[in-house]
Amino acid sequence: MSDIYARGTRVWFPDREDGWISGEVNVVTKSDDGKVKLSFVDERGKEHAVDTTENNIRDGKGDLPPLRNPPLLESADDMATLSHLNEPSVLHTIRNRYSQHSIYTYSGIVLIAVNPFQRVTLYGPEIIQAYSGRRRGELDPHLFAIAEEAYTRMRQDGMGQTIIVSGESGAGKTESAKLIMRYLASVNADASGIGSKTRVKGADETSEIERQILATNPILEAFGNAKTSRNDNSSRFGKYIQILFDGKQQIVGARIRTYLLERSRLVYQPDTERNYHIFYQLCAGVPIKERRDLALDQDVTKFAYMNQGGPSSTPIPGVDDVEEFRETQQALSTVGISIDRQWAVFKILAALLHLGNIKITQSRNDAMIDDKDPALTLATRFLGISPVEFKKWIVKKQLTTRNEKIVTSLNGAQATVVRDSVAKFIYACLFEWLVSIVNESLAGEDGEAANRAENFIGVLDIYGFEHFKKNSFEQFCINYANEKLQQEFNAHVFKLEQEEYVREQISWTFIDFADNQPCIDIIENRLGILSLLDEESRLPAGTDASFLTKLVGQLDKPDNKSVFKKPRFGNTAFTVAHYALDVTYEVDGFIEKNRDTVPDEQLMLLANTQNYFFKEVLEAALAGSKPADAATPTPSAGSDTESVVSNRRQSLIPDPGRASLTTGMGSGANAGKSGRAVARKPTLGSIFKASLISLMETIGVTNVHYIRCIKPNEMKRAWEFAPQQVLGQLRACGVLETIRISCAGYPSRWTYEEFAERYYMLVPSAIWSKQTDPKVLCSEILKAAIKDQDKYQAGLTKIFFRAGMLAYLEAQRTDKLNYLVTIIQKNMRRRMAVKKYQELRTATIHIQTWWRTILAQRLVYRMRQEAAAVRFQKAIRRYLQRKQFMDVRESVIRFQSVFRGQKARREYKNARLQDAAIQLQRLFRGFLSRRNYKSDVKKIIYLQSCVRRRNARKELKALRAEARSASRFKEISYRLENKVVELTQTLQKRIAENKELHAKNDELQAMLRTWQSRHEEMDSKARQLQADIQNGHVPKSKFDELLATKHEVDQRLETVQQRMSEHESLIQQLTDDLGRHTTLLEERQRLLDGAAMKGTEDGVTILSLQNELSGLKDQLNRANALNSLTKTARDVPSSPTDRYPPAYKAVEPAPLTNGAMANGAKRHNRTHSAAAYYNTEKLENGYDDVLHFARRHAAGAPRAVSVALNAQDAMPRFKPMNGLSDIYDDPAEEKIRLLEDGTALDEDILNSLIRGLKIPQPGTTPPPNLKEILFPAHLISLVTNEMWRFGLIAESERFLANVMQTIQSHVMSFSGEDAIIPGIYWLSNVHEILSFICVAESDMQQGIGPGGDPACREFEWQDYERLVSVVKNDLDSLEFNIYHTFMVETKKRLSKMVIPALIESQALPGFTATDGNNRLFNRLLHSAQPAFNMDDILNLFNKVYRSLKTFYMEEIVIGQVFTELLRLVGVTSFNDLLMRRNFSSWKRAMQIQYNITRIEEWCKSHDMPEGNLQLEHLMQATKLLQLKKATAQDIEIIYDVCWMLTPTQIQRMCTNYFVADYENPISPEILRVVASRIVPNDRNDHLLLTPETEEVGPYELPLPREVTGLETYVPAYLSTPHIRRLATLVS
């Protein structure tokens, strides 16, 4: 073991700033004489050298630096498991975990809690649920784990428990104590016989006493907490709360004991600090009227007792005093303090504030108070005392001698002390009264809580060790209490160590540890500090200087030099060496604070107060004071209820006592009557000592749990860590001392199984592969690994190791694994080399083969080239010869062609010249001929013109002669007139035609413009349609679907119109039948009047005809209503003879015209109830369509049935005895008799049909049809329908009430998995009955109801309406209750399966995780399999699914059921995985992912893909575990992939990641990066999902079913003769 400090070993060096810094061994130099020189380099580059020997290294002696733990253990959640348990390792572990936002860490039996100074999501109901019922160590360290352990130990051992919460101011003690109380009040109920596991109670489940216990926190915080420089909510007193439990582990009461209230804070506050919270709440929150009555002001600087902290002291950031005041008032009301008493308390508080404003002036040597001082008037008025007397005894004092009383004046300083003493005394009395009232409230009526209590859990919220620049009497008492607690803590740790060693039967030498008894002795011995202080305090002339002189003279001796010291400089202080560090106390004020007395005259004045409430407060304080001559202190106020407790009860639940806050009260009003009584007044120190001794006795008889709260920095900044400050607190709270005690013995201990699992590779596999006894295997491992047997001890169940041995074993394990890995690498490399050689040899052969092939190919190629060359030469030569011949031939041909071309061109030129000459000749000859012809024609025309001119002149002369005659003139004039008239008419006609054409033109232009606009519009539409077609605006599938829908709507419209015409013809036919039957009835009536002898027989005929007439009328009414409703929402009956209308069906509304409905639709538009019946038709075939089809075809010819309708049954024919034929007999009377026989109905329905029914099992082949499943609902509906037909309303109400009550009790009689099939079966039947009632309600709203039968009884319509409404609501509730019942049982069963099957089972081969439950021996013996696997969950799902399908439940119900079940699976498994320690590895993630895949495949195969959404959180968690987490980029990828997980959840998963062998752990830097992503106070950032309890979510009722007929099917095996007969009559 001398190689512990080998090169590369990491160590720790002390540092002034960081406490400790890391270093590493750089050089190891060994000499022959056994000396070793170690050279280190720290993380800052500084070199350190240590000279030592091998023996010192082996024994761990000398100035060797502490060793650092391996990275895997540096963030361990229990520091007891560290390989090197030393101060720097503890500090580094806490610092690492705090940087990862893990504020809780175990240190053996101690929980270390570091204040985050920020709200964290670690205390919600889901976290309480996660820790309830779990053993300590199963989940991450937490306050709730300590509370659960205390509760479990109390329940199992029957022993009282105490949880000690300590730490300095601002470390979070008060908040921790509140959280522990909330946990105990939340989880205690369910452990008392209902179930073995506790559960979280809702706000409505919390009992009154639990609410009162939780209400004590705001009360005590308001009156006992204040803001200090270190803490915004610092407890200025100690308290011990005992929560009392009865034999069933239910809270029955509580009691509170308080210690050492800091009364001086009332009259003095240092800079930046505040008075008690209640004063600021009072000034800010009191209403205006009361504020005026109490003379208060929101400006606190106006009160001397509130303005000493300066302007920066108030308000507190993030604290609303108004809201805090409201909560305080509410808490006071919860504990039983009335409003009047609350305002009486506030009046006393206001009096104290005014008391501090009383101005005391100095007149020479005497103090003076102005008689008109308003503060004096207000204070005395509120207190109910005389202002004159009060003023007198403030500025004066009375000395009593043997013979006389002497009154002397006080100076200003002395008068101020008296005033402040009175104020402190009053506040102490008020605080005492509050505690006593709270205790009375928590004790129950007449103290029944103490009588019923059999055990308790105490929570001690005590001040931690304090050390300031100036330490006074308060710090001395606090540190004295911590010395006592530390002594008990050391003894408890030592006792646990001793018990562990004795229990394991190991040989052990009792170690000696530094006991702090000498320090306690000099404080509480007969001549100790407290005794000398009391002695000096009782002397009238006693001073602080004389006390210090006595102290030094008595204690400054060689025997006490280790615990008592006198400072070198100054004569006003003394030093006590406490267990944490030496503290120097200034004696200034010790005597006055220890006396803390009020003058007797003031006590007499206060005792005679006129304020009755104030007198009650003083009397409560008097009752709580301790007698001076008592040998032992007695319980203080609030302990009156304990007087009735038996001795046995007192031994079970001891009273820890409480320091009386009313020191100086003596024996009440007579306290001031004798000087001897004054001498016997107990001092504050003696009272505190007595109460502390009583507290330690109580703690001594309980099992103690420790919580040490640490304040990480002085600035109260979130997630900042000051190492030196934390290190000082670790020393002060005794954690390091505990580690030292543990290291003195055997600090490390492993069970045999764990040790063998970890270190089995240190021995050959021949040993551990065959050995099944872990003890034998561990013995072999220890023999092989550790030579010095003193370094370990083997117990009965564990192996104990000395300090550092685990690191030594880890080094051996690492070396062994490295050696084995080296062998594996060697063999692997050899195999790879052989493989490479074989591959090279094979490749060489292949290359040779290929090369030889290439050479052969080249040879063949050359041969082919030579042959080709010969052929090529032959072709070339042939080509050249032929080319030469062709060139010669071409030259000859070209010469010939040239010569012949020239000859042809010459001949062509001559021909062209000849043709041109001929053409010119022809043209010239033509021109000459045309010119001669034109000249001849011109001459001929001229001759003709001359002849014609001569003839015209002759004719002109004749016309002129004729024109001169009158008759000719008249004739011409007449013709002209006629011509004018004719032209005028023609003009008018043309004008008219022109106008008509203009009009037509305008019209055509208008039409043209219209058509142009239409054309443009159509053109734009065409372009738009073309664009839509090109853009694919409407998909073709949707267009086809819309087109098909249009065709379908058109067909349905035609069908409806056809039905309307059929209905109208039916109405006409029924009207004709009615008239015909009316005529027939009148004729038969006349026959009846004429044939009286047939009276009896004809009476039957008349009755039959009347019935038939009534039936026809009803049919006519029904047809009219049906015809109206068909236009809106009804179908046609199956045949015209149907006497019952069908159920409603949803029909698409007719098209609207100008936004309005058709008149017929308006006329028959009726209002239906919310549960009115609708048949929703789906576009795709679903399960509801199958149900609809089954209903349509369940019977051969279903008959449409109306509910509660006055129609007639099809009556059987009988052959009457009187010879009359074709006459119907009426079975109505027999039906009524059957319906009124309640006993027989109950026997058949309740016993045979419900309780004794044999439910068909799902999954049978062939499956049962619809009527075989729903016949109970059909028969119950049949009976109800018949009762309503005959007006038996009261009987039906009784019948339905019995049926619903019997169904509910029958379903609830099943438990476990047996409740699934009956629950679903009756859920379907009840929904069928509810559908029947919905149809009845719809008919009722249309005015159709029971009655109408001739034998119908009289009834009130209002009774029928009320019955239908009540029955419908009751059936709604019954359906919900049945759903709730079977779902609760299913979720109970499933919740037991989820964790073992989904999280723990490992069904994927090849990736079996070795962490958690899979130990070495489990793998060897193939044992310890989880209680359930995935097949069990899937079988349960199949059972539920088959039941829902077989019993014809709607798809919406199936969706609700499996959504809730899958949510339970997803949430429960995700929360469990998130909270597990040493479990979440990548292999485990693959196993869980495989299990999730099986559920996803199940959902996909059952057409429920949305169910996978409930498992998304779990799926993303498994992805996170499998993703790489080495760099910041990897973290970004994780956040992108796991988008549903919150930053807190991702941080927890990374922190809890279990590193497999040879897998590098996640570096602290990466964990800090993950923690930095958490946003402070983000309400959406939660750790756990809201836990799925066994409570069932809301149930959404499916739509009522379509009732197509009331079946009269009664199974043959069912023994129900009464119902069978009724069904026969109806059918």
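Sequential numbering from 1, following the chain as shown.
Glycine is treated like the rest: Cβ placed from N, Cα and C.
Positions annotated as ATP binding site by TrEMBL: Gly167, Glu168, Ser169, Gly170, Ala171, Gly172, Lys173, Thr174. Around Gly170 (ATP binding site), a 10 Å sphere centred on its CB holds 22 further CB atoms from the protein chains shown.
For 949-1073, the entry in TrEMBL reads coiled coil. Within the model, the coiled coil (949-1073) shows a mean pLDDT value of 78, rounded to a whole number.
The compositional bias 'Polar residues' annotation in TrEMBL covers 633-650.
Residues or ranges marked as domain 'Myosin motor' in TrEMBL: 74-814.
According to TrEMBL, the domain 'Dilute' annotation covers 1297-1576.
Residues annotated as region 'Disordered' in TrEMBL: 626-675 (among others).
Panel annotation: around the region 'Actin-binding' (692-714), residues 94, 98, 109-115, 117, 143, 146, 149-150, 153, 157, 159-173, 176, 230, 240, 257, 259, 458, 460, 464, 480-481, 484-485, 488-489, 492, 633, 654-657, 720-722, 725-726, 729-730, 733-735 of the same chain, lying at least six beyond its termini, place a Cβ under 8 Å from a Cβ of the stretch. Sequence annotations record features per position, and here TrEMBL assigns region 'Actin-binding' to 692-714.
Residues or ranges marked as region 'Disordered' in TrEMBL: 1127-1147 (among others).
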Nonlocal neighbours by CB distance (under 8 Å) for Gly167 (ATP binding site), same chain, sequence gap 6 or more: Ala113, Lys173, Gly464, Arg708, Cys709, Ile710, Lys711, Gln729, Cys733
The region 'Actin-binding' (692-714): DSSP-derived helix, strand, coil residue counts: 9 helix, 8 strand, 6 coil
Sparsest-packed among the binding-site residues, when each Cβ's other Cβ atoms within 10 Å are tallied, from Ser169, Thr174: Ser169
Residues satisfying Cβ distance under 8 Å from Ala171 (ATP binding site), sequence separation of at least 6: Ala113, Asn115, Asn231, Gly464, Cys709, Ile710, Lys711, Gln729
Count of other CB atoms lying within 10 Å of the CB belonging to Lys173 (ATP binding site): 29
Chain-internal residues, separated by at least six, CB under 8 A from Gly172 (ATP binding site): Ala113, Asn115, Cys709, Lys711
Chain-mates of Gly167, Glu168, Ser169, Gly170, Ala171, Gly172, Lys173, Thr174 with C-beta within 8 Å of site centroid, ATP: Asn115, Arg230, Asn231, Ser234, Gly464, Cys709, Lys711
